[in-house]
Amino acid sequence: VNSNLALAILLKTSPKKTLAKSGVKNVVLVDGVRTPFLLSGTTYADLMPHDLARAALQGLLKRTGLPKDAVDYIVYGTVIQEVKTSNVAREAALGAGFSDKTPAHTVTMACISSNQAMTTAVGLIAAGQCDAVVAGGVEFMSDVPIRHSRKMRKTMLSLNKAKTLGARLSLLGSIRLAHLSPELPAVAEFSTAETMGHSADRLAAAFGVSRLEQDEFALRSHKLAKKAQDSELLSDVISFKVPGRDIVSKDNGIRPATMEQMAKLKPAFIKPHGTVTAANSSFLTDGASAVLIMSEEKALAMGYKPKAYLRDFVYVSQDPKDQLLLGPTYATPKVLEKSGLTLNDIDVFEFHEAFAGQIMANLKAMDSDWFGQTYMGRKTKVGAPPMEKFNTWGGSLSLGHPFAATGCRLVTTVAHRLQKEGGQYGLVAACAAGGQGHAMVIEAYPQ
């Protein structure tokens, strides 16, 4: 009995086609883990990014029992880099005890950085370069780099080069009070200077997403996350002993409120009439994730039972001014077409929720014939995912969003939901700064 038919018998359904391609290696997700995602400035506050990445890597090793020298390559994503560990993949790998002969590099693609890390792993395996790759992502918002002003930096560099006392005193005398003003990081587009929250507010208004709808969606996310946490469905979360602090074993941003409490909050970006607030936005988060990706042949040879196949994926990009956060709308039909699937074939949807207004605008765009025809060159709409299949274990609004770690969480969650719910196909989609986006189809591994 072939594996696809066996899966169909187990699910008591007619067999769906498998997405295996002739002559192409099957790439599988063996397992995935993440540290608890914590509000920035809480228990992780005294750590560094590589500490969290190392914890995720060690957790993956412990979960899988993987020999450290069996990994061919390590790829990690990060968005806001710690300058002391610019290649955080290498520093975390060495700290976690991986062989110093295992190469590692770091990628950055805003909120889809670990998606890029995973698809880099898929490419390395499909090309025959590697059989086992660890991919992941880390973000640490508790201690972001804050720079001196440019004039102050130039003065300090000149001081370092000055050869005489007179030259040094002259440079010191040129410093003015304004030079001491720091450059604070902002989640803003370089090309447009607009913050992502401001863009999300405009996008919500453009698609007629009300404040009430956004608050209701955010509350749904928190309630579903709380239910999943209490039901121990978030099995990718590992316990982490924070040096000098307590053992952390669960996300701390899941806080179901009431609609009345949420309604009291003022707009965060467009004042006084905006609709995006702290309650219907994802919060600044610290966390790291890691996944083990292998060729199916290698995984089975090592005695592993994979969780899922990683199938087709796409990256998209569009205008960062007016369509900054519409990545899922553009990526979803492309990856479905590439896979030969329809929206109805997908059993599990996991979309990244940066803002409730952003995700709801995507759902409305996907369900709009006008948008499909006007902006996407389609004859009809893409179609919106049914909510009973959509982010049913919570999402970034409630679980947290460490920018570069979210992608691995999405993929691992899809694999776990497919196992739990008996589905065959899952779809991950996410937006990212720069007007970019990503989508991937994941197929359940026959159980």
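Each Cβ is built from the backbone N, Cα and C atoms, and glycine gets one as well.
Here's what TrEMBL has on this protein:
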type	residues	note
ACT_SITE	CYS111	active site, acyl-thioester intermediate
ACT_SITE	HIS401	active site, proton acceptor
ACT_SITE	CYS431	active site, proton acceptor
DOMAIN	27-297	domain 'Thiolase N-terminal'
DOMAIN	304-443	domain 'Thiolase C-terminal'
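DSSP states for the domain 'Thiolase C-terminal' (304-443), grouped as helix (H, G, I), strand (E, B) and coil, give 57 helix, 34 strand, 49 coil. A 10 Å cutoff on Cβ-Cβ distances gives CYS431 (active site, proton acceptor) a total of 33 other Cβ atoms nearby, all chains included. For HIS401 (active site, proton acceptor), the count of additional Cβ atoms within 10 Å of its Cβ stands at 26 [all protein chains shown].
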